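Following: one structure in structure tokens, then a few remarks.
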Amino acid sequence: MLSRFKGCLVGAVVGDCIGAIYEGHYAKIQTSLIIEKLKKLDKARENLKEDDEKPLSYTDDTAMTQSVALSLIQKGSFDAADMAKRFAEKFFKEPNRGYGGNIYKVFQELEDIDPEDVFKPAAKQFNGSGSYGNGGAMRISPAPLFAFHANNDTKLQELVTSITRLTHTHHLAIHGAILVAHAIDQSLRCDTEVDVNKFIDDLITKLKPLEEKYVASSVDEPPTKKSVKRSLDEEETPYCAKLARMKEMLQDESLQKSTIIHDLGHDVAAVSSVPAAVLSFLIATRKIPKLKDLNQFEQTIIYAISLGGDTDTIATMAGAMAGALYGIESIPETWRACCESVNKAEKMAEDLFNLNNRSALS
Ligand code: R7I
Ligand code: MG
Ligand code: MG
């Protein structure tokens, strides 16, 4: 299990660093080009003088994941004020890590806020609707590790909701982070021969009550029936609709990337990137014929990036799931050596593992 904990956090860093090369390439990317690029980077690394000099830097995805992990480790429980302070401090220290376009407003307010008010700045974003960006989902990997021992879906969902609400209060951002956390949790617990239909059904079982509860509490008018087929984003329960669509996609031997991008999305909204990460992870559990020379962790990352769009974030989320399933040994030494901050991630995974041995959250 220690190998899976390490695989999860290191997989997330590697996905972020490699994915960042292509962030914002809005067309799909040929997998052979990504593989070629990685070989060149590894050659370049051999010529670097300093041991800690890395050709690939991490982005906001990893910066915020580190804050989540360190806060949970050092406080031993969720401490909203501490985590919020870490987010803001890290941002002001290194604002050029590729943060989302509007989140800086939350950090500005968090900088010297009263501890009781730490959830308020996020709630004010976008005229009070809160951000639906994937900034909550992209940083959530330490939560399922921290809550692993408790093995309680409700506790995991509460923890993820609290961590996400510090910057993202929109229900789609929160449900997206919960979906990633459950996918990692299921990956940690399941056999490497994954039954993809069961994996998806289990996710639907966990997400459905949350999405339905939101619909029931929503004061919005129900969406009007349209004669054209509605986009899955407009479904009342979009995550469950996309999970159901994934089951069909996984049966389709001639599945095209353009169909995935069209039906699931690949952009900065949580609802248009979390499903693409889950699908990339699940596709690679069955081995991708075009990538048959790579192991399944490598296949996950290369496939996730090849969808284009928000590549660092889709790859970091898929990498966390794949690392949690296949373990640290599946992440190539050469990839780890190219990416900044891998050692830190490994140490944090070890600390979270040791915390679990002391019955965290139970
Ligand atoms: O979600 P967030 O932290 O961004 C994360 C993304 C990842 O891809 C990172 O790798 C990094 O590149 O950024 O940051 P936010 O600023 O909260 O949200 C990101 C973007 O989503 C915003 O800049 C908006 O363009 C869009 N967005 C919204 N647009 C309209 N209305 C998010 N919420 C809304 C909304 O309610
Ligand atoms: Mg990023
Ligand atoms: Mg991104």
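Along the chain as shown, residues are numbered 1 onward.
Backbone N, Cα and C define each Cβ position, glycine as well.
All protein chains included, T59 (Mg(2+) binding site) registers 21 other Cβ atoms within 10 Å of its own Cβ. The Mg(2+) binding site feature in TrEMBL is assigned to T59, D60, D61, D310, D312, T313.
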Nonlocal neighbours by CB distance (under 8 Å) for D61 (Mg(2+) binding site), same chain, sequence gap 6 or more: A12, D16, M138, R139, D312, T313, T316
Chain-internal residues, separated by at least six, CB under 8 A from D60 (Mg(2+) binding site): R97, G98, Y99, G100, G135, M138
Of T59, D60, D61, D310, binding-site residues neighbouring ligand 2, Cβ under 6 A: T59, D60, D61
